[in-house]
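Colleague: In case it helps, Swiss-Prot gives these features for our protein:
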type	residues	note
ACT_SITE	CYS176	active site, thioimidate intermediate
BINDING	205-228	NADP(+) binding site
Amino acid sequence: MFNDIPVFDYEDIQLIPNKCIISSRSQADTSVKLGNYTFKLPVIPANMQTIIDEEVAETLACEGYFYIMHRFNEEARRPFIKRMHDKGLIASISVGVKDYEYDFVTSLKEDAPEFITIDIAHGHSNSVIEMIQHIKQELPETFVIAGNVGTPEAVRELENAGADATKVGIGPGKVCITKVKTGFGTGGWQLAALRWCSKAARKPIIADGGIRTHGDIAKSIRFGASMVMIGSLFAGHLESPGKLVEVDGQQFKEYYGSASEYQKGEHKNVEGKKILLPVKGRLEDTLTEMQQDLQSSISYAGGKELDSLRHVDYVIVKNSIWNGDSI
């Protein structure tokens, strides 16, 4: 039963080094394959309005990174797919599960996107299973990511319905308050939930939420993730769509959750909040730093590629890796 498994989160885990076999971290390969495509890093900027827009998506695709466009400007999705395909780039969009989304999916037959993410807060539901089956029937070549979920049963059920990958994480994100508003979720034990779910998975798992440092990417891969979706570390850049705000002479960018009243436009079923983040500089600099840090992780793992991270030992240190310091 679940109560017998170890419960921990990112800050509770330290990975144990192996002998380094490369002469420079630049020799470490951080690329990852998802479906028929290979991407430069196993990270995905969260498909949120304050993280990604069409310009950011195009930049990421041009540079060889995976992206998922958010679903909150519904009318723009078909023109976006055409724009990306006209430029020879992959199209990766999000859909919900409302009735009109079925007709939308069917309308994409002539210009199908390479990736569709079914994006709802509680993905272990009949509505998601039915949408997976519909997409697979109408667009059989499209890679379907479904979520979000937090249990092995959910992973198995979505995979059996036809999902090509599942997204694991219920409310661990920095601007998500699901655990506070509902009492449910993987907030505070996201890494243990990832480990639990990945043991049941036969297809790729995307860890979504709770990433606070670049080292958490390596930890996610160690515990079963193929890719890692990240919000707060990608928010607040000069290119980020979030509104620019000046406070006491310092510039900030807005960052809010996908179930917040700021995104929904109403105070109903709110499970997200808004925060201000100091402007961080350019997105490409963060991506470069992430890659370099992940290359260092691979070198500590004693390998040359991401898979080496899956085989390292670890210790559970219960919140002590910061030695009393806060991040």
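Glycine residues also receive a Cβ, built from the backbone N, Cα and C atoms like all the rest.
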Colleague: Go through SER220, SER226, the listed binding-site residues, and name the one with the sparsest Cβ surroundings, counting other Cβ atoms within 10 Å.
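Modeller: Output over binding-site residues SER220, SER226: least Cβ neighbours within 10 Å is SER226.
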Colleague: Compile a sequence-ordered list of residues in the same chain as ASP208 (NADP(+) binding site), six or more apart from it, whose Cβ lies below 8 A from its Cβ; state 'none' when nothing qualifies.
Modeller: ALA46, GLY147, ASN148, LYS167, VAL168, GLY169, PRO172, GLY173, VAL228, MET229
Colleague: Where does ILE211 (NADP(+) binding site) sit by DSSP, helix, strand or coil?
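Modeller: Coil, per DSSP.
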Colleague: Name the secondary structure element type, per DSSP in three states, that contains PHE223 (NADP(+) binding site).
Modeller: coil
Colleague: Among all protein chains shown, how many Cβ atoms are found within 10 Å of the Cβ of HIS214 (NADP(+) binding site), not counting that one?
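Modeller: I count 19 other Cβ atoms within 10 Å of it.
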Colleague: Using C-alpha atoms only, work out the spacing between CYS176 (active site, thioimidate intermediate) and SER220 (NADP(+) binding site) and round it to an integer in Å.
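Modeller: CYS176 (active site, thioimidate intermediate) to SER220 (NADP(+) binding site), Cα-Cα distance: 19 Å.
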